[in-house]
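Quick look at what TrEMBL annotates:
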DOMAIN    46-127  domain 'Single Cache'
DOMAIN    195-272  domain 'Single Cache'
Amino acid sequence: MMKYWIVGLCLVLLLACAGCVAEEGAKPLVESPGDEPTPPSEEERYASMVMAALESYMQDAASYAAVAGKEEALAAFGDPSGDFTFDGYYIYAYDNDCILLAHPYEPESIGLNRSGWTDSRGMPVIRMARDIALAGGGFITYLYPKPSDGGIDEAAYATYEPKLGYVIPAGEGWWIGSGVALADLSPVEGYPGVVGDMIDLVGDGVAYALAEGDEAALAEISDLDGRFVNANGHYLYAYKYDGTLIGHPYLPEKIGSNLYDRVDMYGMRNIEALATTAARGGGFVVFIWPNPDEGNREELKIGYVLPVNDEWWLGSGVYLSEVTGEYTPL
């Protein structure tokens, strides 16, 4: 049943991206004062449909649990050959104490309390997901290994990739989740536009620093009107590897401060995670950070960092709400 549903949904996806169906579920039209509404791009329509598919898949799983009952639902969710496991999709289930109840690719972890489990950068994913599910559910983001023919190896840190997830209550005392690779939101190779643009911004910053020197680069990074604060509100920040902030357009009063020990609401050491990732060659880090465009509310953020040289590194980030078009309260 579920396999037929996803095949049909994928056909709708293809038709939508070709412009052959109505744009229901796509991002709202973006209006500028005095301009005609701008329709969403093909890439935006595609991303919206993938997110709608994930949310619908999770709603169907929750409905199944309500009808079939917890025991039967957990058996179905944990079956690697079952109706809910296909084409990279699968359901995991936890109780409200973060004890794993079902996972088709992690049977050895069933019954374990995973409240202390973190992703490869230190984000306590299970606790964060649990809290969002208990608040009603919604989209999340995190890092997790790419599945292989041999299953999922959580110890293989080199295989971790950014994912877009969705969590939802499944019944009294338990909840379920699933996710897709963030790259799957793009119809072409790479990441969805807002994330791809952010990655390019970081690469441009490194290239500028290597060409123009540290002093010029740090001045440009800290300039609100400079080239590294773009129209989407994205910007670069720069740190030494010891956590000392040396460039930031929105936190000039913090420049020179050491933020290495900063912790978020879940105890994750954000700057340490970013600095360590940069020192190891760079990559993604998912963390929680205040959104200055939304009254500094705490939001999940997808960060990307690269080393500049042996002295300092730089990075940027995209809030989850920029990807999904909706805010997931923490």
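From the backbone N, Cα and C atoms, a Cβ is placed for every residue, glycine too.
Because the structure is a prediction, the values reported are computed rather than measured.
DSSP states for the domain 'Single Cache' (46-127), grouped as helix (H, G, I), strand (E, B) and coil, give 37 helix, 11 strand, 34 coil.
The average pLDDT computed for the domain 'Single Cache' (195-272) is 96. According to DSSP, the domain 'Single Cache' (195-272) comprises 32 helix, 13 strand, 33 coil.
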